[in-house]
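Going by Swiss-Prot, these are the annotated features:
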TRANSMEM  19-39  transmembrane segment
TRANSMEM  47-67  transmembrane segment
TRANSMEM  82-102  transmembrane segment
TRANSMEM  105-122  transmembrane segment
TRANSMEM  147-167  transmembrane segment
TRANSMEM  177-197  transmembrane segment
């Protein structure tokens, strides 16, 4: 359920884009009143603007709910929201989809920085911090997995740019949901297998429960 909640902005972006032409014209015109771009129901090129606005609203609502319920905002969702709101706003104000096309790339590269930062300052890797309570593996393995995440995020960002600038906008919208979700799923499965191979119960040389 949490995965679906986290993916909600991406899913609704996809649906708003794909079904733009099927929406009642009066709905589109009503939404356009609130946007800096005047939406034209018979203009397929405006689908990206409606989709962007939908994603921005959903992300803002999620942030507000998270703050109201948990009284705090987690780093990753906050970074994602900041990028969506800034680039989405630029897309709408400047009437240029190129900004929202860069959103997955910037989010992935920011995540890469987040995963890189702790070891650079002599701290535990983020992967170990998040999963060390559940798995006992050597610290060297945590470092490799953390590095793998950094590489994955960098490659994902490059893949997004390749698709965005090589194929049509419609293909990019498909890739944004299915391609990136598929890449992430395969990577997570591979990580789980790798960690499972190195997991050792009650091994004194592992890091489970190590507070350092």
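Quick reminder: no glycine exception, Cβ is built from N, Cα and C everywhere.
Annotation: stretch 82-102 has the most Cβ pairs under 8 Å to the transmembrane segment (147-167), among 19-39, 47-67, 82-102.
Non-local neighbours of the transmembrane segment (47-67) in the same chain are 5, 8-10, 12-14, 16-18, 20-21, 28, 31, 35, 37, 39, 73-74, 77-78, 80-81, 84-85, 88-89, 91-92, 95, 97, 100, 169, 173; each lies 6+ residues outside the stretch with a CB under 8 Å from one of its CB atoms.
Long-range contacts of the transmembrane segment (105-122) within the same chain, counting only residues at least 6 positions beyond its ends with a Cβ under 8 Å from a Cβ of the stretch, are 75-76, 79-80, 83, 87, 129, 143, 146, 149-150, 153-154, 156-158, 160-161.
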